[in-house]
Structure formats: structure tokens, C-alpha cells
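Presented below is the structure to which this report refers.
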Amino acid sequence: MSEEDKAKKLENLLKLLQLNNDDTSKFTQEQKKAMKDHKFWRTQPVKDFDEKVVEEGPIDKPKTPEDISDKPLPLLSSFEWCSIDVDNKKQLEDVFVLLNENYVEDRDAGFRFNYTKEFFNWALKSPGWKKDWHIGVRVKETQKLVAFISAIPVTLGVRGKQVPSVEINFLCVHKQLRSKRLTPVLIKEITRRVNKCDIWHALYTAGIVLPAPVSTCRYTHRPLNWKKLYEVDFTGLPDGHTEEDMIAENALPAKTKTAGLRKLKKEDIDQVFELFKRYQSRFELIQIFTKEEFEHNFIGEESLPLDKQVIFSYVVEQPDGKITDFFSFYSLPFTILNNTKYKDLGIGYLYYYATDADFQFKDRFDPKATKALKTRLCELIYDACILAKNANMDVFNALTSQDNTLFLDDLKFGPGDGFLNFYLFNYRAKPITGGLNPDNSNDIKRRSNVGVVML
């Protein structure tokens with residue numbers, strides 16, 4: 001395979017790593033169609049590109065559930081609405097097929113998401129989840145699932161204000177039906193159902209630029225198994241380097257280094273929850289977890305074998321029993337098609353973390369605080385990379401959100417081509433830093449004030 005073909009393979013991989021079905025490149029003016037050109041979004045309560053936010057808060061006038069229609073939005077006569085029961089194996093399989101075949105545009109890449117029942121139990125069944133918020137569109141005649149969108153309830157923190165919301169995810173329309181304008185109808189229908197439950201705000205992300213991002217972060221990627229990535233043509237060989245050079249450069253030890261590092265247990269929840277809340281309070285856009293939500297997100301199904309495990313959570317316990325650090329990552333592997341040697345590509349995603357390393361300082365940006373935090377995060381996330389590799393993951397991904405820019409360069413996370421834009425629905429907010437400089441390099445000085453992590 002030529003280097004040009006390998007570069008194309010890598011480009012396709014990076015598209016997949018964006019976890020959305022739209023292509024993206026750098027944030028350019030060309031992508032920013034004027035609001036008047038966004039036919040759908042100009043009718044929605046979202047911030048305009050050039051709007052100067054004076055006061056943060058809801059965009060729409062207050063409403064009640066009684067103001068919202070009880071009837072689903074009309075569809076073309078050949079389609080019908082359905083609610084997906086994620087506990088039903090057949091219905092869940094329909095979602096897998098739809099996402100696998102349509103969630104990413106380029107099907108020549110030779111790889112697909114390997115969605116599992118375990119992943120969706122974790123992602124879609126958080127406390128307070130509603131079957132009615134897992135919405136599908138089927139062809140009446142064949143019952144084929146051709147579109148899907150989901151929402152889960154969350155409480156957002158936006159610069160200290162609590163905002164009851166939903167998190168929108170897994171919006172997917174069959175490629176052959178994208179001219180039917182199903183996406184706006186899906187968004188309106190999920191909005192209607194959520195509004196009927198007296199929730200009026202939402203958080204969502206996309207690789208494309210819509211009106212108008214509250215923040216933008218960049219994807220970064222840390223090879224854990226460079227040789228495998230090269231053998232399946234997901235990465236090329238840089239000029240002036242040998243395979244041995246690249247393997248050595250990305251090598252990791254088999255064992256972690258941090259004393260007291262162990263898996264998170266249920267009996268740790270009270271202590272870790274308090275550590276996590278205090279750490280998250282530094283950021284301007286966060287999810288405010290209940291203790292029940294925290295346990296669901298970070299304990300997972302303990303009885304699962306390693307190859308089916310979704311969430312991996314660890315703590316650092318000191319000799320006196322105090323837990324000073326916590327980190328987590330999740331797994332969403334790819335299936336590799338048409339490869340005789342490898343069937344799967346293990347993909348790990350850095351999730352949430354917390355540490356008390358800089359708690360003694362009043363200002364997180366104090367040089368001494370920054371040094372203490374950077375040192376500790378480099379140690380913790382280095383161990384996270386080792387644990388991810390030991391869990392058969394081949395690439396470890398992180399955004400420039402949270403305090404990630406303090407360790408990305410040191411730990412050999414390379415910048416990806418993908419950018420993730422964060423959006424608030426029916427909530428006007430001033431821009432929030434996403435860990436990027438104007439030239440899209442990592443902003444180590446200001447870091448990011450995005451503390452929420454979207455799947």
C-alpha cells in the first residue's frame with residue numbers, strides 16, 4: 001500500500017475517532033455558513049455566530065409541558081416513529097446495524113465501530129433514563145430502522161449555574177435517506193419529548209460547525225501498539241524513521257508506577273465522589289453528577305470479562321486510607337474488515353479524572369499549582385496508558401478539555417485532524433476555553449474550562 005493510501009487510511013480512522021457522522025477539518029470561515037444559510041438552526045433557540053452574550057441564560061421564553069403538543073411530529077407516509085427498547089436484543093441489534101453502516105461516511109476504510117450491549121447499557125441507561133428518549137424511525141413496510149437519536153438526563157453546571165438538561169447523542173440517519181431531511185425532524189421530536197418532561201435545555205457535540213459553539217476541543221491520539229496500527233495501515237512510517245524507531249518511541253512498560261494505584265471499588269464511592277466534585281468545580285462547563293449517576297458511570301458491570309468491559313476506573317489510595325487521585329477511561333473498539341491477521345482494533349478514550357495535587361493553592365493557575373498538577377497528571381495518565389494497553393487497547397484518545405493540555409505533549413499524544421464543537425440548546429453562554437491556542441495548538445497556559453466529557 002502506498003504512503004498516500006496509508007495517509008487516507010489514517011484520515012478515515014481519525015473520522016471514526018470523532019464519534020460523529022460528519023466530516024470535519026480545521027475550524028475555518030468557510031465552514032461557518034451565515035446563520036441565514038442554516039435553514040433549520042435559524043428556527044431554533046441557539047446562539048448566533050456573531051452574537052455578543054451580555055447575560056447568560058435561557059434563550060426561549062419560559063414554557064410549561066402543557067404548552068407542548070402531545071402528538072409526535074408528522075413523518076412521510078412511508079415512515080413511522082418507534083421507541084427503541086435497549087433491553088430488547090432484536091431492537092438493539094437494529095441500532096447496531098444502523099450505526100455500524102451509517103454513523104461514518106466513508107465505508108472504504110475497512111473498519112467499523114464494534115458496538116455492544118454492554119456499551120449501550122452503560123451509555124444509554126444512566127439513572128433516570130427513559131425508553132421514550134431512545135427514538136427511532138422505521139420504514140413501515142419492512143420495519144427497517146433508518147434513523148436514531150438518543151437523550152439521557154443530566155444536570156449541567158454552566159459557570160456555577162445548575163441547568164437541568166439532556167445530553168443528545170448517537171444521531172444517525174441512513175445514508176440513502178439524508179435528502180429526506182430526517183435530521184431536523186429527529187431533533188424536533190426529541191425536543192418535544194424532553195420538553196414534555198419539563199426539561200428545556202440540551203448539550204450536544206458535532207465535528208461540523210453549527211450556530212454556535214460554546215467551546216471547541218481537539219482530539220489527540222496516543223499510540224499504544226504502534227506496530228499493529230502500522231500493519232493494518234492506520235498509520236504511516238514518518239520520514240527518517242524505521243519501524244523499530246517508532247516501536248521504541250511509543251513503548252510502554254508492562255507495570256504501572258504509582259504507589260497505591262488500584263481499581264475503584266463501590267466502598268470508595270463516597271470518598272471519590274467528594275474528590276471528584278471538588279476537582280470538577282474549577283471548570284465552567286460540567287456535568288453535575290448525583291452519587292447514583294457517579295456510581296453508574298464509573299463502577300460499571302463488575303462481573304464482565306475483560307473483553308466486554310466498557311468502563312475502567314482507578315484510584316490512588318494512600319497508606320492512611322485517603323484517596324488522593326482518580327482516573328477513568330472507556331473502551332469502544334473497532335472491527336477491522338478484510339484483514340487476515342487482525343479482527344479488532346482496541347480504542348481507549350480518556351474519561352474523567354480528579355486529583356488533590358493542587359488543592360493547597362487558591363489559584364489553579366499559580367505556577368506552583370500548575371507544576372504540582374502537571375507532575376501528578378503526567379504520572380496518572382501515563383499509568384492510564386499502561387493499563388489501557390494491558391486491556392488490549394491499541395490507541396488511547398483524549399481531547400484538549402479539562403486539564404489535559406498539561407500532559408498531552410509529554411505523554412506523546414499527537415494532535416488529530418478532528419475537532420469537537422460543544423453546543424448548548426436554548427441556553428446563551430459566553431465562550432468557554434477548549435484548550436486550544438488560535439493556531440489550534442495545545443493551550444498549556446489557559447488550558448480548558450470544559451469539564452464535561454461526551455461519549
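A Cβ is built for glycine as well, from the same backbone N, Cα and C atoms used for every other residue.
According to Swiss-Prot, the features are:
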- Leu455: active site, proton acceptor (ACT_SITE)
- His38, Lys39, Phe40, Trp41: tetradecanoyl-CoA binding site (BINDING)
- 168-204: region 'Myristoyl CoA-binding' (REGION)
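Packing around Trp41 (tetradecanoyl-CoA binding site) is summarised by its Cβ count: 18 other Cβ atoms lie within 10 angstroms of its Cβ, all protein chains included. Here Leu455 (active site, proton acceptor) is positioned 23 angstrom away from Trp41 (tetradecanoyl-CoA binding site), judged by their C-alpha atoms.
Calculated from their C-alpha atoms, the gap between Lys39 (tetradecanoyl-CoA binding site) and the residue listed as 'active site, proton acceptor' amounts to 27 Å. If you take every residue in the region 'Myristoyl CoA-binding' (168-204) and average the pLDDT, you get 91. Distance noted between the C-alpha atoms of Leu455 (active site, proton acceptor) and Phe40 (tetradecanoyl-CoA binding site) is 25 Å. DSSP classifies Trp41 (tetradecanoyl-CoA binding site) as helix under the three-state reduction. Here the region 'Myristoyl CoA-binding' (168-204) has, by DSSP, the following mix of helix, strand and coil residues: 20 helix, 9 strand, 8 coil.
For Phe40 (tetradecanoyl-CoA binding site), the same-chain residues that are 6 or more apart in sequence and have a Cβ closer than 8 Å to its Cβ are Thr183, Pro184, Ile187. Look at the recorded positions Lys39, Leu455 and count other Cβ atoms within 10 Å of each Cβ; Lys39 has the fewest.
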